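S.K.: Can you keep this structure in mind? I'll have questions shortly.
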Amino acid sequence: MVSFDTIRATGDVEVDVGIRIYALAARLFPICRSITGDGVRETLQVLGQHIDLTQYEVPTGTQVLDWTVPQEWNTRDAYIKDPSGRKVLDFADNNLHVLGYSAAVRQTMPLSELKSHIHTLPEQPDLIPYRTSYYSEQWGLCMAHNELLQLEEGEYEVLIDSEKRDGHLTYGEYVHKGQSERDVLLSAHICHPSLANDNCSGLALLACLAKALRARKTRYNYRFLFAPGTIGALTWLAGNEDKIPRIDHGLIVSCVGDGGGPNYKRSRRGNSLIDQAMQYVLNADGRQGKISDFSPYGYDERQYCSPGFNLPVGLFQRSAFGTFPEYHTSADNLDFISPEHLGSSYRMIMDAIDILEMNWTPINLFPKGEPQLGRRGLYSALGGDKSAGETAMGYLWVLNLADGNHTLLDIAQKSHMSFRDIARAAQLLLANGLLAEAPEQDQAGEASSSGQA
Amino acid sequence: MVSFDTIRATGDVEVDVGIRIYALAARLFPICRSITGDGVRETLQVLGQHIDLTQYEVPTGTQVLDWTVPQEWNTRDAYIKDPSGRKVLDFADNNLHVLGYSAAVRQTMPLSELKSHIHTLPEQPDLIPYRTSYYSEQWGLCMAHNELLQLEEGEYEVLIDSEKRDGHLTYGEYVHKGQSERDVLLSAHICHPSLANDNCSGLALLACLAKALRARKTRYNYRFLFAPGTIGALTWLAGNEDKIPRIDHGLIVSCVGDGGGPNYKRSRRGNSLIDQAMQYVLNADGRQGKISDFSPYGYDERQYCSPGFNLPVGLFQRSAFGTFPEYHTSADNLDFISPEHLGSSYRMIMDAIDILEMNWTPINLFPKGEPQLGRRGLYSALGGDKSAGETAMGYLWVLNLADGNHTLLDIAQKSHMSFRDIARAAQLLLANGLLAEAPEQDQAGEASSSGQA
Amino acid sequence: MVSFDTIRATGDVEVDVGIRIYALAARLFPICRSITGDGVRETLQVLGQHIDLTQYEVPTGTQVLDWTVPQEWNTRDAYIKDPSGRKVLDFADNNLHVLGYSAAVRQTMPLSELKSHIHTLPEQPDLIPYRTSYYSEQWGLCMAHNELLQLEEGEYEVLIDSEKRDGHLTYGEYVHKGQSERDVLLSAHICHPSLANDNCSGLALLACLAKALRARKTRYNYRFLFAPGTIGALTWLAGNEDKIPRIDHGLIVSCVGDGGGPNYKRSRRGNSLIDQAMQYVLNADGRQGKISDFSPYGYDERQYCSPGFNLPVGLFQRSAFGTFPEYHTSADNLDFISPEHLGSSYRMIMDAIDILEMNWTPINLFPKGEPQLGRRGLYSALGGDKSAGETAMGYLWVLNLADGNHTLLDIAQKSHMSFRDIARAAQLLLANGLLAEAPEQDQAGEASSSGQA
């Protein structure tokens, strides 16, 4: 396996970052994670080699909103031995073999009884399914259906050497400090065992993105959250009520390593700036991304977008969860994701961040008639040329819509020009004293004290 | 002709009710109705055998809004005898032969003069047209064009033994009492003579529906109105100003016995709950109904939706009036309507009533994050299964949109789930203490004291 | 060339007016115009033979918003003589040969040096381009690329006998007085030299339209503006701030003599009455006009729709500027425009004016139920006839939507009936005492004191 720190740069930023993300995802892949336990800690320790993570430990039994932090679960070993004593299933081969949060068992039983505890996928008979039972006590194992069919009658020895005990729920957080008091939330779930796309890809991508942001002065704080799905998000929300009103934008990141999509699911608000920015990015540069309305099934946007919080948090994916055959099976492995796709996913998220960072609301200081651009060297000297006007279109659009009701992204969308061209035109107009910056509005629509950088 | 009360049930509710409606329509068909007169009374008397109708008699000359109740019109006999004394037109054969509200005449005249009083349909030469002249004094007869062509020159004896005199306008009303003080108006016009679809079908369907509601506890009062078109609706509106603000929903029912459509014409408001409910019903269960915007031509929705009332009253039909060749001709007879179509029309109206009855606005009592459904037995124990989430989608949609701004019907539409599934999920969430019911809003948008049943 | 005043009428108004407009455009075509100078004055003098124009002279150096009125520019002569002394370019042949606002020059130079001052169109090698340099000091000439290619090496004598000096910017204004204090602005740019479509067509059309309005009592004042593009509009806006709030509707008129389009570009407001009226007109009578959203490039709508004014002013054209190959070349000559197209353009603008004049907001005085139209002779006596209702549809639509929230144009659009039919129905209902007129709202949405005529 390639070492993350010895990868040679190719010179192409997107390719390079894709290779680095892949290497980190590959490093995370073998670890046996669940919603609690040492696998989460080991994952955070690997991520912590790249970014300055803070690790939080929340005790079992802690009330988090309507939920309670469960007992911590760890598994040391698990196997099935056939009547001849041969291991026909071994946790050491693949950590999907054990039902998440399975009870412990050490027993000998006939095949018929064993079968009732074994989960398979008859329609994908060579794949091991991923199954969990967090809140209902049972023991279980998962295996390929074809392997199950080959088992002969007889007495089988089953071992699941797992332990549920009072302990902690563990999650990691990293904050890149920006110039304002407003936050962008970026979150990836850390609770899935050896599933590469879902969600080693998201964990690795966000870690590399956090690392890249360190070199950059930003307007926003970027809060990176690596926490178990559902219970982790609920735990964070329950413990950080003071920070919630500061979240202006958010993105859940999962399944970002395959070549599908890209897909973006809007926040419940439906037209927050992150929704507009992702829609813009997923349709720029020839990408034909798919934009879906919010629905309450999926990843942790379910919690952030519950009606009591209703945060502007969307979901970014390549293939949408549940729609690709590898989903929640052993086929979601390191062959299913690629540096190329991880790199392009990274690019799209970074493009959206660029918009969040560079977006502002201009006010035309010469709103009556057009200001004379030519005198300021902003306009072609020669009139009458059909193409002359086109080069000045960015200026004209920005000036015309700089009434305090349009952000640069709004102007890009109305003009069908690129956000970069509009942002560049606005910057030049600002430098020439033709624009001022409107006081920033936070998501709730009230003026905040944070200025654009 | 089948007797209404001796029909054998087939066991299929929709088929059974269709047979019953057809039998009642057939019983009403031969009666000679107009906007006033004994035909209306006889029709109400037949309907009164099934529901406890109140019959109202409003005297000629009563001012009703901008109109005046006209004289009462009754016809005893009418015929044309050819020069040989043979009856070539006889009121006893078909009551369409007499122009509605025709003046009386008893006269002998040459064919050429007679012709100026005879209405035919040259493009449908075998059919008798339906024609009226309520407010302009004239006498006239209607016959098949081909029959007219066969008349030879000569002196014809014409009799119209009709009478216009001060009397009454008659209409019937039946109210099914519900638990609230809010009303649903269901209305069918009673003024057309022997036209089966337009509107024996509507009269019979509403009578059977009223009968069925007796067995049901409802939230709303259901006010059934059997009144002559235009002048009857105006008379009711003029005399019931106190009841008008109580009408939350309404439906005009006509032409519900043929196999066309279904068609729904929205109320003038365009997006009242009855509009939403009918749109939902006409597109559920594979029906590909046609929804039209309000227009001021049609049946009594013209009056209820006049700008001074602007009630949430739509029009339900199978084939839309004026669009089918049988419309307003002798071909709109008992062969043109069928039990099957009457039954399915009944089903659609009852489905809409179910929505009116079962719709409410939920409030999530645990709006921060998702409440833990599994602990309450509302969620599949086994995680990771692709289909597991689907069964819980109803809960998730209701909880997510239970912010007081979405009715169950809104949620069904946003989720693309069936209203029944959403209503069932909401009921279970309510029973589990996860939801409360928002105070009901009346159509005017103000909170009313009527609670959901 | 046909004299404007001796044209024989054909009897067809649209044809006649087209011929008159063409004749006037042809009279204006040869004049060498620019944004200032004697060409503008001569143009206004010709227009002044038809309408009672007021001519304004604004001194060089006057500050107009962010701009300054430039020096006045006039050209007496210009040519290029080849080494043999033959004139290979002569201003007398075509005034496009001189770069607008060119500096003066009298010099002999080698062909290679000369070429750097000559503008051509290599892709349209037989056409002379139209080029200007108002605000950047340079000298230049324009010629057909093929003619340039034929020039042999050698010394050329170049003369541009032009003069820039302190003088005036000239524009003309004509106001047709109406009954209210509200204005309609109609404007055509006067600054282009011999370009027939852009904009002799607009100047001539507006002059003829102004002449026609003299015979008509109008509700609005019609303010006709003949001013140089950009600097002329800015000059008018700077000097007439008191009149700006009175402008309820406006139209920039250019390129109205060719057979393309018709095209309408909405005002920045997007849904002002002029936008609605032009959209209606461009889709009535089988015209399949193209409606575009506002963009800040084009003609003087750029200034009127700048965010500090944001006036309801749109742009009407046949072929859209910049999209036809003749645009800004010597091919935009009198062969490119025709009486037929000028006549139909005139018709469309006059149709929109008719809507502005005839549009009003009716209030139903009998809003509860339908008033009895038959009693007032407004309704067919014979009921039941399928077509009977159709003739009354105009009445029904107007009455139903006469709630104070719908103008006649709104009603025409909702009913899919023609504006004329709706207006006629409303007039009859008004005459019968069934309607009142709502107090007029100005564009800002506040009631104004101006009543409908």
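Using N, Cα and C of the backbone, Cβ positions are placed for all residues, glycine too.
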S.K.: Select one of A:HIS192, A:HIS341: the residue that TrEMBL places in the Zn(2+) site alongside A:ASP198, A:HIS328.
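M.R.: Candidate in the recorded Zn(2+) site: A:HIS192.
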S.K.: For A:ASP198 (Zn(2+) binding site), what residues in its own chain, 6 or more apart in sequence, show a Cβ-Cβ distance under 8 Å?
M.R.: A:HIS192, A:SER254, A:CYS255, A:PHE321, A:TYR327, A:HIS328, A:ASP332
S.K.: If you count, for each of the binding-site residues A:HIS192, A:HIS328, the other Cβ atoms lying within 10 Å of its Cβ, which residue has the minimum?
M.R.: A:HIS328
S.K.: What three-state secondary structure does DSSP assign to A:ASP198 (Zn(2+) binding site)?
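M.R.: It is helical.
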S.K.: On the 0 to 100 scale, where does the mean pLDDT of the domain 'DUF4910' (A:22-359) fall?
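M.R.: Averaging the confidence scores along the domain 'DUF4910' (A:22-359) gives 97.
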S.K.: Can you count helix, strand and coil residues in the domain 'UCP01524 winged helix-turn-helix' (A:361-436) using DSSP?
M.R.: 38 helix, 7 strand, 31 coil
S.K.: Kindly report the helix/strand/coil residue split of the domain 'DUF2172' (A:72-163) according to DSSP, in that order.
M.R.: 14 helix, 37 strand, 41 coil
